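See below for the structure under consideration.
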């Protein structure tokens, strides 16, 4: 018996003991300390558009983008640009524009001809950037015919002529674009054609020559969605997402990228990259959760400008999973110096169309390094990019992708959300708190929720982010329009006004501003004020919980008395309010005090208890299974040792006893096909009046052709043909119990025992005794021919063709079957006395040596009588009829004896036939290929 069950509990115990040391790599979503909405907010906090604008009343504002200049908030929308004085808004006048410009499309008719809807044929202001300190550049879609204008920042009056907006502004308002002025030139990234098939990074409107990216080259840009552009050092950086080229085998997988170009790039030579960028490089932004299997947030949604983080300039970005993946969002920060260092990495290439992208070895990279700015660093010897060698220009055109990806700060996301709506926008205040050293993130989602998050290592110094507040900022009554509910609730813009202590939230149909904190809700309860952990709130001894703005809150306490926070109800000397529904701290989530926490069961102890209980149960289960298996094994051994029939007499064995029989009946005269007897039958007695079915010509080992075997030897004994290896090992003292016949095999049929048969029968225990009885002397019957002489019966006939490798008989070629039947009615004749059975029951070697296992659950065979199939039953009470009982030895108890009425055959025995010229022989060991 295998002893595996004894080791299973030990293995399970070791596995369970290792579980407490395993930690989940994926961070959990933080729970909000406070959930609020905008109920009770003043209507002046909302802006939907001009009151006399019928289109705005129907469609809403159709917000496009924010721009803050000198305490002035500019809002680009459909057909308008609104200007809000933040100083006046701070004084409480509400969100009312002090001036605005109107710029309507003059090409509505052509837009309709192009197959566009009326709602799309407006002028959506997609570009709004400062040209200089006095001038503003604005570009609109102009009914799918983009144009640009310049306006005065203070007056919002047009200055100069209109300019073409192609490659500066998209044709469709749903297409992405970014733009920025750097050293007097406009750097823009958008789609340059009506079908949005030509994505371009373009420079224009400056003293330097216009340049663009390679056209229709997927290695440079492949269906990009531009998010942000900024100037840093000698380069201009573009942040976008695009369909990956290095993982194209995975399908349309989007990756987040950052690309850069040199501000002093003058283009290539006439031989390579003429009027194209010679410094365009890009690499991947890696925002992922580390682990054995890295989980990526690949889709860049929004990005901030440079923010101070730990004394270094960093960019905060919102990333999401793929559109067909599990919804999830993450916030990752990247240091600008790490991004610059990433552009010094190795180049990547694809050797073959189906091959993987691999780094290029350094010995294949030309000098100076491709992508370097001419006149700086390694390319300082070249005054202009037009003077660069051709091999450098050719290399940079074919290898714009770099490796590896830029890692995030702390090499993991600052925040992950998997059970909430997807994040869409981000705004960061890196100078929060009384000492301007706390970083607070404001995140917008696609369900209209604003999340206020304290970054890890903030005020509490913990490693996990703290979700301070969750605000539902959407109002269907003020922001709904013809847009769908999902599109209308999506936050598409966030603008932070730290001086005014406000956050502007933009939806498609409206904009609203929120205060950065609402400390007054905590009232005079010190515990509630400090438990909120809001860096914009602090406890003042005389004024209670107040707002902290900049460095003016140095006299405000944000730590408080820890003892007063841990014990007792929320009481204050000024109000005397207590904890409860009326307390301002009621509903604020906070940590349990240590006294309550100590009453809980430690997690290691709980896990150890569970592991011990499971191990004990596994041990008991293994012991029970082992005992059951041993008991079953002993019972099986007893069954094998029980004396009795080695196996019951099968149909094949009985058929082999009667090799001869009458000829098959002639075909019917009416031409009908002879019915094929059933191949399978049952041992159950048939109902009354129903003729017994016939069995098909059962295949026998003699009728199965035997494959030729190497190293054949002649059979030494003609009786060895049908004996197996077991018969050969028992020596000559064993009697042959099998009979090989070259003729067709008989068919047998089982019938129920006849009623009224007397007890005159011969009990047969083994097939050897049955053959001994059949071959013994038999009284002659009336009218029967005398038996053939013994000498004629003992001589072996000529070898049958079937035994010498000839074709096996088919079912329709079989001889007429002999049926073992019972006498239908009448009285049974007297049978001679049963011969004494003194020898032990030998094993039966019938059927080519194949032994069937004896089963104690097998039903006993029915009474069998041998009757010709073609004529009436031979059963009668006259002489020559004998009853045979297939009995069991004395050691096999508990079952009734079985009777078989068998008529002794009048045919001669057919011993195995082996021709002298036959090339077939029994293989070594007496095995047969049946």
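Even glycines carry a Cβ here, placed using N, Cα and C.
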Stated Swiss-Prot location of region 'Disordered', expressed as one of 554-593, 594-633: 554-593
In sequence order, the disulfide-bonded residues (121, 148, 262, 479, 519, 545) whose C-alpha falls within 10 A of residue 525 (disulfide bond): 545
Lowest local Cβ density (other Cβ within 10 Å) among disulfide-bonded residues: 332, 519, 529: 519
Helix, strand or coil at residue 519 (disulfide bond) [DSSP, three-state]: helix
Three-class DSSP secondary structure - residue 545 (disulfide bond): strand
Which listed residue (148, 262, 287, 545) has most other Cβ within 10 Å, given these are disulfide-bonded residues: 287
Local backbone state of residue 529 (disulfide bond), from DSSP in three classes: helix
Nearest recorded site to residue 121 (disulfide bond) by CA-CA distance, among disulfide-bonded residues 148, 287, 529: 148
Spatially closest candidate among 139, 262, 287, the listed disulfide-bonded residues, to residue 479 (disulfide bond) (Cα to Cα): 139
Integer mean pLDDT for the domain 'Sema' (30-516): 92
Disulfide-bonded residues near residue 537 (disulfide bond), in sequence order, restricted to 111, 139, 373, 510, 529, 545 and a 10 Å Cα cut-off: 529, 545
